[in-house]
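As recorded in TrEMBL, the features of this protein are as follows:
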type: DOMAIN; residues: 36-91; note: domain 'SMP'
type: DOMAIN; residues: 153-210; note: domain 'SMP'
type: DOMAIN; residues: 218-276; note: domain 'SMP'
type: REGION; residues: 1-35; note: region 'Disordered'
Amino acid sequence: MSQKQPRRPESHEQNMGTAHLKEQPNLDSNQQKEPIKYGDVFPHVSGELASKPISPRDAAMMQTAENLVLGKTQKGGAAAAMQSAATKNENAGLVGHTDVTDITGDQRVTVAETDAPGRCIISESVAGQVISEYSRPAPIAATTTSTVDEDAVTIGEALEAVAITAGDKPIDQSDAAAIQAAEVRATGINPTIPGGIAAEAQSAASANARLTDDEEKTKLSDVLTDATSKLHKDKTVTSEDAEGVVSAELRNNPNMATYPGGVAASVAAAARLNQEQ
């Protein structure tokens, strides 16, 4: 069945001219012999990425990124195009449901929103290549400032919120990776700070992996309560901070998903709140 990706209504968003999607091949699952690749859907990609098949987890990562940065999956956006292609590839038996393209897993999927006079520019990238870019009107009250707002949510505060929203969750490697990414963003210090919350979370994740009883495992609340006071330095959460933390949690979760109310979700929510303010 032929399916053409819908364009964004011009009354709401302005396409920038670099994100035109190709119409996907008119093949049913029995006719399709080759997987739909990035170069088949996104005409501006090049190199190794263009020849890579679009897999279900690639699409899931882009959908998660759109949800976290933009608040929802965008109709006619990169995630929708990737999901359509991945579904066709899976139905044809050319990719597995849990497959992820190696270059995508290694070099990340990102969605970035940049303020410009009168509009916001949205760039969606896979493995460092922009596959979709468009603009939409900026919120009327939106302003750009380099001054830290006293009412803005900091990374430490976002981590402390996790102790409430997901405090009973035993810490695993995805949590530890997200906490480490948050600590690096907050302090600007890399590698892990000895005795810091990232080191504590990593130690807890390693110990928990050897335990079978959840009651004995170290929980998120054990590490993240009073996180602000445990950080050597703190900062206001930005969308770039949220991207880094979300990416870290996704890469270290076998299901390529973030935990509801967890570290990535809390930092992303804080970034959205700060942007609205």
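Here the Cβ of each residue, glycine as well, is placed from N, Cα and C on the backbone.
TrEMBL does not curate its annotations; it predicts them automatically.
Over the domain 'SMP' (36-91) the predicted model carries a mean pLDDT of 86.
With helix defined as DSSP H, G or I and strand as E or B, the domain 'SMP' (153-210) counts 38 helix, 2 strand, 18 coil.
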